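Asker: Following this message is one structure expressed as structure tokens.
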Amino acid sequence: MSETPTAGGAHGAPSAVFDAARAEQAVRELLLACGEDPDRDGLRETPARVARAYAELFAGLYTDPERVLDKTFDESHDELVLVTDIPMYSTCEHHLVPFHGVAHVGYIPNERGQVTGLSKLARLVDLYARRPQVQERLTSQVADALMRKLTPRGAIVVIEAEHLCMAMRGIRKPGARTTTSALRGLLKTAPSSRAEAIELINGRTR
Ligand SMILES: Nc1nc2c(ncn2[C@@H]2O[C@H](COP(=O)(O)OP(=O)(O)OP(=O)(O)O)[C@@H](O)[C@H]2O)c(=O)[nH]1
Ligand SMILES: [Zn+2]
């Protein structure tokens, strides 16, 4: 028997477990509340499908994203490492609809030249994005995880996203883009390092 997800999973160490039966029941209730017939042909399997989808969309609640940075290696590289245009899909915690866009993640390794695999930067974004989120928290969680696990001299995370809660409903402004940044260490305090990273992000070719 699985436990009820707890709020602790969103901000600290993972403590939540996905309760598929409860999710299915909730989706069935929502369909009923919307005036639908959850027993009609097209909807019969929908509660189970939606439950499976949420288990995937919120997978970052049931694992510790920082663990993807457990493996590091020394490359004697002490200058900027930057991965841009990482596709990002997350779920707005206010409306439970998607926000999506791209993330740019970089860091300046520590004196040992300690680096992580490039794919791990994308994995880190992916796992923090797989939670009910707001864009600001997602951005700073990625930067703070990098600082804790790699002890780099600096970190930068920039996320550009469109929120479907602003496009499909409410204010209905499709195309409006939100940019958030989190700068740490030298990438916040040293103007030349900061300018180099920002220029590389702004000047990239898509
Ligand atoms: N800061 C921030 N706000 C967000 C994010 N995602 C959604 N929001 C906003 O959260 C706010 C919630 O506002 P409320 O007034 O409580 O909810 P609402 O009546 O549905 O708001 P509207 O979207 O304006 O219709 C809205 O302004 C959303 O645009 C995010 O990632 N960061
Ligand atoms: Zn929203």
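Cβ atoms are placed via backbone N, Cα and C, with glycine included.
From TrEMBL, here are the annotated features:
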- 24-201: domain 'GTP cyclohydrolase I' (DOMAIN)
- Cys92, His95, Cys165: Zn(2+) binding site (BINDING)
Asker: Within 8 Å of the centroid of the Cβ atoms of Cys92, His95, Cys165, which other residues of that chain place their own Cβ, given that this set defines the recorded Zn(2+) site?
Answerer: Thr91, Glu93, His94, Leu96, Val97, Phe99, His163, Leu164, Met166, Arg169
Asker: Summarise the model's confidence over the domain 'GTP cyclohydrolase I' (24-201) as a mean pLDDT value.
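Answerer: So the average pLDDT across the domain 'GTP cyclohydrolase I' (24-201) works out to 98.
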Asker: For Cys165 (Zn(2+) binding site), list the number of other Cβ atoms lying within 10 Å of its Cβ atom.
Answerer: 17
Asker: Please list, in sequence order, the residues in the chain of Cys92 (Zn(2+) binding site) that are at least six apart in sequence and whose C-beta is under 8 Å away from its C-beta.
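Answerer: Sequence-distant Cβ neighbours: Pro98, Phe99, Pro132, Gln133, Val134, His163, Leu164, Cys165.
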